[in-house]
């Protein structure tokens with residue numbers, strides 16, 4: 001059984017602080033857009049925030065309902081009201097802090113002990129509640145943070161407006177993605193050294209960054225083309241999820257909502273939702289991303305050659321290419337650790353089957 005350590009508790013506290021600050025930054029950026037009369041961008045930022053909050057609250061309450069099935073209905077009513085006011089994640093953080101503190105600082109459980117023993121029971125409770133939070137944060141990252149980062153980059157490239165609050169939103173978005181990726185890069189056991197963990201972390205961050213920049217470029221060129229591309233990619237991801245016959249939720253409605261969210265996540269990054277071998281799927285996924293990214297750059301060169309001289313295109317195209325190359329090929333170039341790193345990448349992508 002995975003042991004909840006002091007390091008995990010520190011990451012948990014840091015995650016709470018980032019989550020609260022991220023909420024404040026979102027409303028601050030939206031208010032700045034409204035004050036400047038740019039209502040479209042302000043509403044878009046709030047829509048991302050509202051959509052991600054709504055979906056995470058729905059999943060959070062559903063998990064509480066499943067876990068507390070047959071218990072006091074009065075508690076469930078109270079939990080429902082809290083989630084209705086979009087504050088369910090803070091209940092989960094409260095339980096995480098409660099059990100995490102006990103597991104990391106007050107319990108000394110042996111690995112050979114039964115999970116029903118009090119020390120190991122607290123460990124299991126801490127791991128379970130943090131696992132649920134991490135899953136909700138994954139939903140939030142790809143329903144709000146990543147789209148918002150894409151919008152901010154598009155505004156900077158298309159309109160040339162570089163205000164401080166825009167940079168703050170971009171930095172916060174990267175911080176949240178970094179925290180999520182870092183938490184997912186910590187395996188359950190200690191059999192992997194630091195280097196493979198870092199390789200997995202940068203593999204995720206760089207490939208996501210490259211793809212966001214690519215989508216931003218095609219949006220600057222044609223908003224309609226960007227929307228069509230995103231819808232097409234979501235349909236592909238949703239269809240692939242349907243064919244996997246996932247059983248993440250007990251309710252059919254919740255399962256289809258889960259598959260819808262997975263389709264959105266697959267637009268930006270890959271993970272294995274069924275815990276099967278991923279080498280072929282990863283290869284196909286990132287080969288497709290590479291072809292599309294290079295296609296976007298070539299379209300710019302032949303369709304609008306005049307834009308090549310602009311500084312933003314030069315910087316973004318270089319960052320896009322470097323991020324893609326490093327993100328995809330660094331794990332392969334690390335020959336001494338290649339097998340271990342690929343095993344770690346596959347293992348981490350399988351962790352989506354948490355519930």
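Even glycines carry a Cβ here, placed using N, Cα and C.
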According to TrEMBL, transmembrane segment applies to one of these ranges: 147-163, 164-180. Which one is it?
164-180
Proximity of the transmembrane segment (201-221) to the transmembrane segment (256-273), 3+ C-beta pairs under 8 angstroms:
yes
Top Cβ-contact partner of the transmembrane segment (256-273) among 41-64, 76-95, 285-303 (pairs under 8 Å):
41-64
Do any residues, 6 or more residues outside the transmembrane segment (76-95), come within under 8 Å Cβ-to-Cβ of it, and if so which ones?
12, 16, 19, 53-54, 56-58, 60-61, 64-65, 68, 125, 129, 132-133, 136
